[in-house]
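According to Swiss-Prot, the feature Mg(2+) binding site maps to D552, D554, D556. The Zn(2+) binding site annotation in Swiss-Prot covers C1022, C1098, C1105, C1108, and the record cites sequence analysis as its basis.
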Amino acid sequence: MNKILKGDNQNWAEYEIDSISLALATDEDVLNWSNGEVTKPETVNYKTYKPEKHGLFDELIFGPTTDYKCPICGKKYKISNEGSTCGNTEECKREKPEILPKISRRSRMGHIRLHAPIVHFWFFKVDNSIISKLLGLKSENSNKYYSKKEIEALIYYTSHIVVESGGLNSLPKHTVIYSDNAAIIYRDALEEIRSKYDRSIPEQNEIIEEISEALVNLAELKNANSSKKENSKQEKDYGIDFYEYNEIIEEYSGAKIKTGSEAVEYLLKNFDLTAEQEVIKDKIKALNEAIEKESKTSQSKVEERKKLYKRLSIINAFINSNQKPESMLIRNLPVIPADLRPLIQLDGGRHSTSDINELYRRIIIRNNRLKKWQESNAPQIIIQNELRMIQESVDALIDNQRRSPSPVVSKENRPLKSISDALTGKKGRFRQNLLGKRVDYSGRSVIVVGPDLKMHQAGIPRQMAAKLFEPWIIKELIEKEIAPTIKSAKKLIEDQNPIIWPHVARVIVDKPVLLNRAPTLHRLSIQAFEPVLIRGKAIKLHPLVTTAFNADFDGDQMAVHVPISDESVREAKELLMANRNILGPKDGEPIINPSQDIILGLYYLTREVKGAKGEAKYYMSYDDMYAAYSSKKIDLHARVAIPYRTVKAFKVNQNVEYIISTVGKFIFNRAFPDNFPFIFDNKFDNYRNNEENKYLVPKGTKLDEYIKNLPVNNPFNKKEIAKFVRIVFDEFSGAMPISKIASVVKKVNSGNYHDTVMMYADLFKDKQNKKSVRHAQILANYTKQEFEKINKKLTLQNEGVERVWDSKHRSELLEKIWFAYNNIVASVLDKIKVLGFKFSMQSGSTFSINDIKTSLDKEKYVKEGEEYINNLNKMYENGFITDDEKYTLAISEWAKIKEKITNSLKKIIEDNKENSIFMMMQSGARGNISNYVQLAGMRGLMANNVKTLKADAQNERVVRSTVEVPVKSSFLDGLTAYEFYSSTHGARKGLTDVALNTARSGYLTRRLVDVAQNIVVSEDDCGSDFGLKVKDITDTRTATIIVPLIERIEGRYLNSALYSNEGQLLANKNTLVTEEFADQIVNKYNIKEVEIRSILGCHTRNGVCKLCYGKDLASNAPVNIGEAVGIIAAQSIGEPGTQLTMRTFHTGGVAGVEDITGGFGRLIELIDAFEKPWGLLAQISKWYGVVSEIKESKTASNKLIVSIKEDFKNTLRTEEVSKDRKLRVKVGDRVKPGSKITEGPIVLKELLKYTDARTVQKYLLKEIQRLYRMQGISISDKYIEIIIRQMLSKVDIVEPGDSNFFAGSIVDIFEYQEENGRLLSEGKKPAYGKVIIKGAKQSPLLSDSFLAAASFQETAKILVHSAISRKVDELSGLKENIILGHKIPSGTSSKYEVDSKYDIRDPKSFFEDESKYEYLKFEDKWIA
């Protein structure tokens, strides 16, 4: 721990934890923690409600129930007496009670001294019994190891074990004695002992007599038992008094026989760890040699070696951690602090208690009873029973759920919650209280749309704001002397006195709030807004941010949180503000895109109509034109001319006079910044080729003729508007850090404020760049505007005399410029939103039954289909086709007919462009052709809720997931009763699938976050030269491109110099591939494969470097150090998971390979690295070579033999394939290891076995990308790479060499590389290991951090293994720091660079060094 002293005169210290380690608690540790022994099972006195002395709530042990009050005499002390002892009465002097606050009851522990050692439940129950693995017990004369069950029988006193044989051949060491074999074992042992004594010696004669008597008793017992065929359980268990015979044997020989925890204690104490370690190493060595010699590896030897590896790992854990195995026994049981297991008083004198108290009570009662039996020399059988009961009661306290089949239950027959249950699961300590905490200063309400809000604003109901900002409002009310005290101010707020509202409005200025909508699937589900007070009780949300939140206004609720500290407020403003989060992190495309009504309005606004009212008119300015439009002299869609100089600062030929466009497009273009090109049509990309010159006309042109001959352009649809938004973002998003703007603001004064362009231009690296010039102009304009505003305000305050600026005013100016500069894109979107809403209202779009135009050809096509089906039925009846064939043919025929109807409707849409419904469809506002076909054509085939079974997929059966008879009516015609019923299956299935998918998707995201949570960008360059060669990802079966090369390289760095096909150098290593450069590489230079830096080859441990990661998609700039890319990756893959369909995604037909390639199920198979994926598995080639022939097998009639001629060796290799499998290869095809011979999913472990890690990585990347792209979801490669890297980040040690590893251990790949690097540098033999693949379920459990692993799943197992190896958690990841309440080591708490997005200094900090001016009034002048 690091001790950080706060303040000079304070004598207290705050501790900051550097690392945390877990070890076995010894008896001494427990006594050191304890403040006293609990000896009574009582809790509180039921009359006085005071804790009982020496009970489970004793104030002397656990601390007082009232602050600073003596628990014995009740005297109250002051806070300054804390830590002293009370000496008020004789008893106080004797007991010396400490004076403490009552909060100490949450930390002070006690203990119970057990009168016999107890085996800790976890160590013989969790992970197949640690004790069993450690001891590896077997009888001396047998090779069979005792199972976990046999060790448990010993612990629970149902068997005895020979711990020392004392030289007796009949009692081999470690023989386990049960009641059914006891008589024989004891008889043989007693006879062997008797034979060692000589009758002729008088002293020994007595011994022989005693042994003989015991033997006679044994024989009688044996006969009695065998004569009773159905002897009762009692007699079977207790027929033989083990203790009597054990005593005789121990007395007359050196043998020792023990049972229960005493036996386990003896075995653990006398267990030689180092000797056993050597023995196991030798055995493993011998096994390895045997396995190498064998041509066919025997599975039993591999299994035996696996077991030995596990034993060795446990023995090594104890040796390396320097702990004693007997620490797994409990002699002093810790009692957790009283307030962590509270006793709550209910009305009517009843109490509700925590289950743990009940479990402790059982232990204390049994322990006290055992002491009584022991002191009164009770029969051994009674003591044994009591010992067993204590063992069971301690087990129940530790882990009651695992005590199957009979956990301890309460009066209501509910299993009691033990300590383990309080840790594990969703409601356990880790997930409920450490990783997720309740947050103060929060509220929630229904959301409604706020179309008049700015992008960075949210409407907060004023009653809510009054409560959320209560402390600040109270301060304001007291300062303004409206309320004299805190209490009275609170009263005003609670009563909602009208006097408070102006102050509430003043308080919330500059205090952002966070809005969150559950489920929080990605980081854009929490964003910051500036609060605006509204009346009413619903939160008003900006319509454009709904996509990011996945919200709609049908009753969704959102939560509001208030950032309190200055740092959190700055973070909210700089990083979380909605106007900064324009791009979605998963694909780098704008997530804030206009949609629905706005799109419809813009589509209407930008229409062009030939011969519209006022066409070819000329106006002197935009204002004149707008006035004419307002007074209805010209139509919105008319094409008119305006002098080009009044519209945009065009740099065109001097003879150009007019600019031609529609009134609507002139209005639309006003929404964009002044120096943004004018958008004439949807060929905006071609403006570089002067495509727009046809709209720029020289003086003297006859406008009416010229305009008549111009082609009519289509209005702008959703895709085009999204493209414009993207271009605005690329051109205008902030390119200059605040520190550089501050350097200009420092120099600005009333003499130079109107001309700062050059000051700003000098700050850009590339001054000549168009973008740099544009940004310098923008910043200069903002500087001028804001300077004038502030200067005017200061001059007014100063009675007309100009004032000298101080740091406060400069920081205000900087804040204003910085906000405006970063708000350009958002302000454009806001203007677009206003136009969209306004013109969608003006367009008067309606939706009526008359608008639904239908096709006359429909009946003809339906008749065709019916005739075809009749023919099919006849063929089926005559036996020409099977039922399955009839079904598949019928389905495909109806699909074709629906396609024909769709095409005929498309023609009608083309001819009726004015139609409201078609406008909605074509603009992209709502609906698509398939919706319209159901409305006006025919509904077509309906889905049927059929479960596809694994057997169906493996045998390629036809699964009837579609109803054979289609719905022939459209909604316009109306459905018949049968058709309505037929369509209900699919509708219900759709709803259930969505519900199931949402839950699975949430769980997937959680697992992915756990896999990648500690991956943060942590350095500039890791120096790796291990790149990834990328080309188009293609589907080899259908030869379609899944992800084009241009998308894969854009935003990544090159791993090696790039040359054109002619050998010309295009770029050096580590060059960032921009969008333009990527376009040139693919389209200009026609390069098919590029080697890029990849996360899969990054050498940064517990993170990635900037070069291997590339561009940050959410900001379209190189990634910053401190970015938590692991979590962003997990969210980007998990968030669209809900959109992936379930497994039953197919249009009826064979449940084969086709339908299993898609859907959520397949994604889970890949990410969890399933051993047996769904369906028929692919057979893969194991060799490089060429397919030489494919022939029928001579031995099996249903098999084919695929022969492969191996390269280099010229040997023929054969693969046996089932005849009913679809072959992927033909004769002459080249194959390499991992190539598919038959269709189907590849088993990842098999692929890894025959190829290498890189092949598996590429296969996973391709498969996961295919799943998402099939559903139209684009996710960047780099996110999938992060998850894949984690899945292949462990190495299984095969040959340890001179390393610290041992064979069979699984180590982190970085650890493996570091250790081997060290060994090679010292000239020693390096370790050899194989990369293994672990799915998302196992990956987090192998984490270096036991806190992160334990909080994921299998908590008990993780904690047990961490304790025996004294594991240290270095707190490097995010999760473990959250658990400890630290700031997470990413973002603003990381080692970020200066001027990066995480460098969120307060604007005031840039002017702190300026000398402070004191202003004096002197002869009506201000002097400093």
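Positions of Cβ are set from backbone N, Cα and C atoms, glycine also.
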Proximal residue to C1108 (Zn(2+) binding site) among binding-site residues D552, D554, D556 (C-alpha distance): D552
Candidate with the highest Cβ count within 10 Å, taken from the binding-site residues D552, D554, D556: D556
Lowest local Cβ density among C1022, C1098, C1105, C1108, which the record lists as binding-site residues, within 10 Å: C1022
Spatially closest candidate among C1022, C1098, C1105, the listed binding-site residues, to D556 (Mg(2+) binding site) (Cα to Cα): C1105
Nearest of the binding-site residues (C1022, C1098, C1105) to D552 (Mg(2+) binding site), judged by Cα-Cα distance: C1105
Nearest-integer angstrom distance between the alpha carbons (Cα) of C1105 (Zn(2+) binding site) and D554 (Mg(2+) binding site): 44
Remaining residues near the recorded Mg(2+) site, that is with C-beta within 8 Å of the centroid of the site residues D552, D554, D556: I447, A551, F553, G555
C1108 (Zn(2+) binding site) - helix vs strand vs coil (DSSP): helix
Alpha-carbon distance [D554 (Mg(2+) binding site); C1098 (Zn(2+) binding site)] in Å: 46
Inter-residue Cα distance where the pair is C1022 (Zn(2+) binding site) and D554 (Mg(2+) binding site), in Å: 49
Output field, Zn(2+) shell: CB within 8 Å of site CB centroid, site C1022, C1098, C1105, C1108 dropped: E1019, D1021, S1024, R1093, I1095, G1097, H1099, T1100, V1104, K1106, L1107, Y1109
